[in-house]
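> According to TrEMBL, the record shows the following:
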- B:12-32: transmembrane segment (TRANSMEM)
- B:47-67: transmembrane segment (TRANSMEM)
- B:79-100: transmembrane segment (TRANSMEM)
- B:106-128: transmembrane segment (TRANSMEM)
- B:135-155: transmembrane segment (TRANSMEM)
- B:183-202: transmembrane segment (TRANSMEM)
- B:214-237: transmembrane segment (TRANSMEM)
- B:243-262: transmembrane segment (TRANSMEM)
- B:269-289: transmembrane segment (TRANSMEM)
- B:295-316: transmembrane segment (TRANSMEM)
Amino acid sequence: MIETRGVSKRYGDVLVVDDVSLSIPRGGFTSIIGPNGAGKSTLLSMISRLTPMSAGSVQVDGMDVTRTPGNVLARRLSILRQDNQTSLRLTVRDLVAFGRFPHSGGRLTAEDLRHVDEAMDYLRLGDYRDRPIDELSGGQRQRAYVAMVMCQDTEYVLLDEPLNNIDMRFAVDMMQLLRRAADEKGKTVVVVLHDINFASCYSDHIIAMRQGRPAYQGSPQEIIRDEVLRDLYEMDIQVHEVNGQRVCTYYR
Amino acid sequence: MVLNLWRRPATRVLLLGVLAALCVIGFMTVNVQTDWDFILEYRGNRLLALLLTAVAIGVSTVLFQTITHSRLLTPSLMGFDVLYVLVNTLALLVLGGGALAEWAPALRFALQVVLMVALALLLFRLLFSGSVRSLHLMILLGMLAGILFRELSALGARVLDPSEFGISTSVAQASFSRVNTELLGAAAMALVLGGLLLWRWWRCLDVLSLGRDIAINLGVAHGRVVLGIMAVIAVLVSVATVLVGPTLFFGLLIANLAYWFIGSQRHCWTLPASVLAGIICLVGGQLLLEHLLASTLPLALVIELAGGLLFIALLMRGVRQ
């Protein structure tokens, strides 16, 4: 379980995340949604110790993220942010293999290699294994980074807007894959999403943030509703039920 | 088959190694007219100083570029070399040359290295704590820091009495063709020390080049490791500066030659390649200019010119992207 207690982040006079106390249960698929500047990404990066907190504490399975040694936490929780460096001259396979660093400290064992191959198969990267990552398209590169995080084989997988810059087909692919990781491998997947329809169709649990605080939390049935979304985004959003999926239209 | 072998980084490092060895042999044997004892001592000492310099600058530049995620920033561009010159002058000023001048040079060097590490960490924290985001602003700040340190140490030197002044200029005026061989032993010791320190973080280096966030995700204690590596860099910069004085673009030149020639980002290849490229440039360049062309053109001028052109080319490419 991930638990935040009174977590805040302040940049100068601006309070980006405001005294957030929430818990994300173990297992399942949790999405964090909300308008721009709601503090979603900042909260995620504080949970994963990438950004220091101004106040409060975060515990992952009872381990305080700021005090637990980095490599212990790296075997329990992984985080992928949206823009990753692309100027590196590395093959896909080498990048994915870095995911084993917390386990092997840089010396790959047969077990590590098995994980690397499995992660590449899982993200269908087999054909690109020896291609340098700076020569890949945005979607392929994103998949390579997700494969690295999968290869890290952690209980908790945190992703910040993994659907950015990738087309519909890869977006669906990516979401199905994350859903499978939760269902088949029992991982706890936490994703910051901009597309509320993806959040609606794939999540077990949704956290809706506004102005640095979680405004609503619950199942997609509870959150994906006209009045909740209208309040959250301050615009007209109609929710329709199509083939058992709750889909929002808000384009006109 | 041959093509595959050629593509392997190991082959390329080996090739650089052979080339560097040829330069070293040439440096020691070409135009030998007097007796060998003298040559061995005279050229041997200079060779050793150049080799130590290549190691210090080659390794420190690649490490610095890894922790700053840039192919453009180097310790000398950010003013760290001149910082050592300033430390050298300040130490004489504050402690008084009278006492300090009587110290063994090696002991004085050790004291200055410690001071240098402390100041370099401070400067690094100031510049790279995230407040300066633009690369161009960073380069500008580095150059300004360099000018400031140079002027300060020139000012300090004016206050020194002549004997102290002599000590201080031996560092400030050393160059590739006028190496300071007085401190060879101490410099070698410092290099070994730096190497031992670096050993602890050896496996983290490749992970660090993936960027801060990914390094933390993979369990590297990023802040601590980066400061540790910066301390190693400060030791290496002190070694290089005490031997050949401050440089400007030499580190940039050899590190980028290494990246380009190796085609891999792994430190187990780029670090040795950068050092070997340094040896080829320094020892081979000295051989070419002094013995083969019998030219009086200073080597530093040629190298800094080439490095400067590369710097401009890299900057322009960065602007276009």
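Each residue, glycine too, has its Cβ placed from N, Cα and C.
Each of the listed features needs to be described in terms of its position in the shown structure.
Beyond its flanks by at least six residues, the transmembrane segment (B:47-67) meets 24, 27-28, 73-76, 78, 176, 179-181, 184, 187-188, 191, 194, 198, 205, 208-209, 226, 229-230, 232-233, 236-237, 239-240, 243-244, 247, 250-252, 254-255, 258, 267, 270-271, 274-279, 281-283, 286 of its own chain at Cβ-Cβ distances under 8 Å.
Residues 70, 72-73, 77-79, 81-83, 85-86, 88-90, 123, 127, 168, 172, 318 of the same chain, all 6+ positions outside the transmembrane segment (B:135-155), place their C-beta atoms under 8 angstroms from a C-beta of that stretch.
Beyond the transmembrane segment (B:183-202), the same-chain residues lying 6 or more positions past its ends with a Cβ under 8 Å from any Cβ of the stretch are 45, 48-49, 52, 55-56, 59, 63, 105-106, 109-110, 113, 225, 228-229, 231-232, 235-236, 238-239, 242-243, 267.
Within its own chain, the transmembrane segment (B:269-289) has Cβ neighbours under 8 Å at 9-10, 12-13, 16-17, 19-20, 23-24, 26-27, 30, 47, 50-51, 53-55, 57-59, 61-62, 176-177, 250, 253-255, 257-259, 261-262, 295, 297, 299, 302-303, counting only residues six or more beyond its boundaries.
Tertiary neighbourhood of the transmembrane segment (B:295-316): same-chain residues 71-72, 77, 175-177, 247-250, 252-253, 256, 281-282, 285-286, 289, selected by CB-CB distance under 8 Å and a gap of 6+ residues from either end.
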> In the same chain, who gets a Cβ under 8 Å from the transmembrane segment (B:243-262) while lying at least 6 residues past its ends?
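Apart from its flanks, the transmembrane segment (B:243-262) reaches 9, 12-13, 16, 49-50, 52-54, 56-58, 60-62, 64-65, 71-72, 74-77, 81-82, 84-85, 171-176, 179-180, 183-184, 187, 269-270, 273-278, 281, 300, 303-304, 306-308, 310-311, 314.
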> Checking distant contacts: for the transmembrane segment (B:214-237), what same-chain residues at least six beyond its ends satisfy Cβ-Cβ under 8 A?
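Same-chain contacts beyond the flanks: 55-57, 59-60, 63-64, 66-67, 75-76, 80-81, 83-84, 113, 116-117, 119-121, 124-125, 190-191, 193-194, 197-198, 200-201, 204-205, 207-208.
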> Residues of the same chain, at least six outside the transmembrane segment (B:12-32), with any C-beta under 8 angstroms of its C-beta?
6, 39-40, 43-44, 47, 51, 261-263, 269, 272-273, 276-277, 279-280, 283-284, 286-287, 291-292
